[in-house]
Amino acid sequence: MQRFIKWLAVITSLDLLGVLLGGALVTKTDSGQGCGKSWPLCNGELVPSNLSMETIIELSHRLTSGSAGILVTLLCILSWKYYKHVRETKPLAILSFVFLVAQALMGAAAVVWGQVPAVLAIHFGISLISFASVILLACLIFEIDKKFDARSLIMDKKMKFHIYGVTIYSYLVVYTGALVRHERASLACPEFPLCSKNRPWPTQLHEWVQMGHRVAAILLFAWIVYAMILAIRHYKQERVVYLGWITSFILVTLQAIVGILVVYTNASLTMALLHSLFISCLFAVLCYLVMLGTRSKVNAKQTTSTENKRFFS
């Protein structure tokens, strides 16, 4: 059964990644109304008779989301049953399921009541939490903790501050990026790092949205670089923290490069999908560090309690 659950965790993670990338594809190709304003039917039909490319893309995204719902539900039930001894299993299972349902409802609302940019940005953010929760469940199922000896990890307050802070801030940056996409502001500023050679500063809404995202992303990059330097200096012996920040740095660097290429490739589909892929992976890595941070607090209390017992015995 454990082998089956491991395979299920991998397939579910890939399916949810497909949901995220599929959503980006729907937005990029303007296929949000590919099935009209009907949901869960497509143009009022179970199997649409007229299959345009927009209809195929939107319908594929719905089918992927539907299969993800089934897989996540099954994974949550099995992990709850067979891995309930692990402290984080139950909350992660609840998060995975609740946020998957929430993103499905948000997607349905976007179809029925119109493509509001702010709502679509929230839709992507909610999907990201569900994806990260499933990735963390998969890490628990594959016992990544044992491989990195992370169960007894203790971090200082400074490192935990950077982990929590970067993760929360990265989530806000994700919203600014999603807003750029849904406001169709990807090419509002044709130059980098400033808006344009003739007008370095934004003058209208779409330019402000684009430049706001750039500033937020640059700050995120700088924060991750600083946190990585701290990890290299003080946590080289704790491989999971050390490698976690190095991985985050690699992903945020790739994210930045692809973001710049989005501008210079006229927002090509490949660059847009890679942009969504790298930020999804980065957020999952940061969430794993958050889980380690919460565990560190418990480990510190247990260590203090053990030392007190030894002192008074």
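Every residue, even glycine, has its Cβ placed from backbone N, Cα and C.
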Report, based on Swiss-Prot, whether Leu41 and Tyr264 occupy the same side of the membrane. yes
Range from 7-27, 63-83, 272-292 with most C-beta pairs under 8 A to the transmembrane segment (243-263): 272-292
If I take every residue in the topological domain 'Cytoplasmic' (84-91) and average their pLDDT values, what number comes out? 87
State the Cα to Cα distance, in Å, between Glu58 (active site) and His275 (heme b binding site), rounded to an integer. 20
Among 92-112, 212-232, 272-292, the stretch with the most Cβ pairs under 8 Å to the transmembrane segment (7-27) is 272-292
Name the range, of those listed as 63-83, 160-180, 272-292, that has the largest tally of Cβ pairs under 8 Å with the transmembrane segment (212-232). 160-180
For the transmembrane segment (272-292), what are the same-chain contacts with Cβ under 8 Å, counting residues 6+ beyond its ends? 17, 20-21, 23-25, 28, 88, 128, 131-133, 135-136, 139, 150, 153, 155, 163-164, 166-167, 170-171, 174, 177, 181, 186, 240-241, 244-245, 247-248, 251-252, 254-255, 258-259, 262
